[in-house]
């Protein structure tokens, strides 16, 4: 497959650099001029963009793809469509676009994320303080039940003693739920930050490359593309394909 691509790249690059010989034919001239004008327009549009604005647009695009993939999965279930290939494609699309959109949203809209995280912290951490209040009012023993569940669930990791009183048990339960939110927040940063940074680097590289190409080859910037294709073919036939 790679050999065929190298042959096509070599032919495309060589034909383009034939220049005046190729342009003697009207249709060939029209094709080349259309390619050059289209690429030049695309380059001009890319070079004038800012990485932050482009990432904001990508956030919306990936969000839309995630929603469409999820809708497709639901429709497969509703319509009883049995296709492993389609289910796999939709699942992978949903997973990748979901991670990308989630990572970008986490970084770009972090003020909103912090507000939501604060609500979670208040709900899980502050809400668990209602347990001892209910115990004092009704003597229901809810705090001890939750504390005992934590004891049995995390006995291999933590040694939580018995009989230390309501205040101690309430503090442990509240700390556990608050810690859960904080750990989730930290883990989210571990995958969101590298993904968002990689997206920013790729977009910034494309934008600044477009600016460099436009400055170096203002009249025929598409020559860089054909030169890269030709260079790839030369490298392949010189090194990669050698026994």
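Glycine too: its Cβ is placed from the backbone N, Cα and C atoms.
Under the heading transmembrane segment, TrEMBL lists 6-23 (among others).
According to TrEMBL, the feature transmembrane segment maps to 57-79 (among others). Sequence-distant neighbours of the transmembrane segment (57-79) (same chain, 6+ residues past either end, Cβ-Cβ under 8 Å): 86-87, 90-91, 93-94, 97-98, 100-101, 104-105, 108, 199, 203.
Residues 55-56, 58-59, 62-63, 65-66, 69-70, 72-73, 76, 188-189, 191-193, 195-196, 199 of the same chain sit 6 or more residues outside the transmembrane segment (85-108) yet have a Cβ under 8 Å from a Cβ within it. The transmembrane segment annotation in TrEMBL covers 85-108 (among others).
According to TrEMBL, the feature transmembrane segment maps to 120-138 (among others).
Per TrEMBL, transmembrane segment is recorded for 172-191 (among others).
Away from its own ends, the transmembrane segment (197-214) comes close to residues 43-44, 46-47, 49-51, 54-55, 58, 100, 103-104, 221, 224 of its chain (Cβ-Cβ under 8 Å, at least six residues beyond either end). Positions annotated as transmembrane segment by TrEMBL: 197-214 (among others).
The annotation transmembrane segment is assigned in TrEMBL to 221-239 (among others).
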